[in-house]
Amino acid sequence: MLSKRIIPCLDVKDGVVVKGVQFRNHEVMGGIVELARRYASEGADELVFYDITASSDERVVDKSWVSRVAEVIDIPFCVAGGIKSVEDARQILEFGADKVSINSPALADPTLITRLAERFGVQCVVVGIDSYFDAQSGHYQVKQFTGDESRTRTTAWHTLDWVEEAQKRGAGEIVLNVMNQDGMRQGYDLEQLKLVRAVCKVPLIASGGAGAMEHFRDAFTLADVDGALAASVFHKGLIPIPELKRWLKTEGVAIRE
């Protein structure tokens, strides 16, 4: 059985790590390199960095900190933010990232997923999906440009359809960001994760809503996700990673020490 992954998520804006609630009202959490070093030493399995305004600002992720992070940690890390071309991805991978994640640019040009997968291998290509439950329609919809409230828009894609399309085009991993739950610390959206799991044949990472150790366990055992991503509970020290991993092990979850 493959070990489940615990993945701190670091949203980057203006050169520092920030965290909002439902993608709004961001507050500063700390320095990029300092937090990366801390999480690596605490036993995180992987890190994900989102330059949250890169796509909405129409620029690519700032690479200066990517190489600094690569120098100080020895765990895999993934970088996202405005990656629109094979060349953008090549530079980020050359600076030391292990994976690139694409979100809004993949929605604008789905062929980007295939081009990246063919050039670097599917194991390097993550597709991030910002999914929002629209209570009026009863559908899970995919949102775009979520780093900037003024530019955020609902796409024509239903979440499950986009998950299937992204896989067909070569996504090696899916990160499902559940916008309704983001920063609320009420638990992952297990119902949506189960629906996505049923159509997702590549590794699936849950994101949005972790607030207690039980939430991680439930995502792993009830929705069968491969990794659980969280931000505020780690940044604010509410759940220490070593403690979380020890507890998950006692709950029967296959976890790396």
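Each residue, glycine too, has its Cβ placed from N, Cα and C.
Annotated active site per Swiss-Prot: ASP11, ASP130, in sequence order.
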**OP:** State the Cα to Cα distance, in Å, between ASP130 (active site) and ASP11 (active site), rounded to an integer.
**Re:** 14
Original post:
Of all the active-site residues here, ASP11, ASP130, which one's CB has the most other CB atoms within 10 A?
Top reply: ASP130
